[in-house]
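Taken from TrEMBL as is:
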TRANSMEM  B:12-31  transmembrane segment
TRANSMEM  B:43-62  transmembrane segment
TRANSMEM  B:82-102  transmembrane segment
TRANSMEM  B:123-151  transmembrane segment
TRANSMEM  B:187-208  transmembrane segment
TRANSMEM  B:228-248  transmembrane segment
TRANSMEM  B:269-293  transmembrane segment
TRANSMEM  B:313-343  transmembrane segment
TRANSMEM  B:364-384  transmembrane segment
TRANSMEM  B:390-411  transmembrane segment
TRANSMEM  B:418-437  transmembrane segment
TRANSMEM  B:443-461  transmembrane segment
Amino acid sequence: MIFSAGFLSFIIYGALIWCALAALALAALLIRDMTKGDIW
Amino acid sequence: MSESAAILPPSLGWILLALFSVLWVGLGIYWGRRNRNFEDHALAGRNVGLALGSATAAATWITSNTTMLAPQFALQLGVWGMLAYATASFGLFLFAPMAGRIRRLMPEGYTSGDFFRLRYGRVAWGIFLVFTLFYSLTWLVSMAMAGGILLNALSGIPYVWGMTVILAVCVIYTMRGGLAAVIGTDFIQSLIIIVGIVIVGFSVLSHVPVEQIHANLVEERPALLDVLFPAAIMAIFNNLLFGLGEVFHNNVWWSRAFAFRKGLGGKAFAYGGLIWFPIPVAAGFIALASGALDVPVPAADMVGPLVVADVLGMAGAIAIFIIVFCSLASSIDSLLAATSDLLTEDVYRRLFHNDAAPERLKQVAQWVTLALGIFTWAVCVPRVGTLATVLFFAGPLVGSMIWPIVTGLYWRSANTTGAVGGMLLGAGIGLVCYFAIGWYVATLIATAVSMAWVLACAWFSKSRYDWARLGDAT
């Protein structure tokens, strides 16, 4: 039994999109902390 | 590797190295200007916010192993190899609730050594210090060696020069800026790494679709797609436990739990885990494309850079160089800071100068950082290949500390006999199994033995620990 092409696509594209969203979320969190004066 | 075999010309490698070195050192000096005493230097004033906290948890866990070893895992262990690597994020997820509890129980704590000393007494504290210093120093040496080797392989910069520059840069900005500099640079480094991986990943997919990668694997290396790949499934458990043990015990993570603003630790570590979780797959799948792209892979540990350079040319080679440099710096700086804090607080202060002033402790921590850098450099210069493999011996040591820490944080019945016996028996039997059976069972057995001993001692114990004693860390 082997992993299908569909599953491989799902984890690869899923991981890349997840990473992109994580970078955006980090940037958004920083901007939020900066505006509130809460960076450190 | 010779200059002709490198994927970047040395001159370009030196320019990139110089640019990022100036950036990190400049930022370190800038962020370090606020540090007045040991608390500012070691814990960034205990007031780090959610954005920097989440980023530093993820960035510290993104070592050169993540960006270089994940493709190697994929090439050797297939789809399960990438997923096995991703389980290392569970250490961050499970540490999240512990970080909140650590901050509540020890509002004045500095290091994980403080916890062992106050919770289990001086014998357990001594064993912990030996185990954690062995692990931290071998990790530091292996990272610095990896730095020299990778910069040489990527750009032809001589090993000693590459290793010296990356180590010197990290030492300078960690000395000057302390944890604030480490956390600040971690934020920038994590963004560079994640964005770089996304760009490189989508660029590779634009050259070779997943269906073609899959078809090539079915034809040439079907084992990499095997749902029941035994070696890969074993690797999941080993990686998972190694990750748990490392995060639970090491001062790299405890110092962050103490440094994050009150109430934020749990959320920051959970976000860090979420950020880190997809990276082994996003960085690792590139290796699976090597067959479909017909890229020759002379050494498995260089498969990632070779595929990227083949597909994307000079731009891809520059991207990989920057990603690797940031990955190395984000781990080396954290190890330097956390190990120097441990030596300053647990050895200098607790063993010899209990009444040292906070300003004096800050100076000591800076000198210890420098000494650690010089020690690491001296060990790395001869480039003894087997040194890096010493890190694998640390698996049983790390695994044997999981249960004393978890039960010590949550169970009043956890006691010194359990902690001392758990660490010694677990590590001892784990190391015997390492040599008698193999690396893939050592951490698992060490953790199981330690668990049995710690739980049995807690079960039969009549003593009940007073949590208020942990609050007396000062």
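Here, residue 1 is simply the first one shown, and the rest follow in order.
Cβ from N, Cα, C; glycine included.
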Open item on the list: Contact between the transmembrane segment (B:390-411) and the transmembrane segment (B:187-208) is defined here as three or more C-beta pairs under 8 Å separated by at least 6 residues; is that satisfied?
Closed with: no
Open item on the list: Using a cut-off of under 8 Å between C-beta atoms, tell me which stretch among B:82-102, B:313-343, B:364-384, B:443-461 contacts the transmembrane segment (B:228-248) the most.
Closed with: B:82-102
Open item on the list: Assess whether the transmembrane segment (B:313-343) lies in contact with the transmembrane segment (B:123-151), where contact requires at least three Cβ pairs under 8 Å among residues 6 or more apart in sequence.
Closed with: yes
- [ ] Output the single range from B:43-62, B:269-293, B:390-411 maximising the number of Cβ pairs under 8 Å to the transmembrane segment (B:82-102).
- [x] B:269-293
Open item on the list: I need to check the long-range neighbours of the transmembrane segment (B:269-293): which residues 6 or more away from its ends have a CB within less than 8 Å of a CB in the stretch?
Closed with: 50, 53-58, 61-62, 66-67, 70-75, 78-79, 81-83, 85-86, 88-93, 95-96, 99, 190, 193-194, 197-198, 200-201, 204, 207-208, 212-213, 215-217, 220-221, 224, 253, 256-257, 303-304, 306-308, 310-311
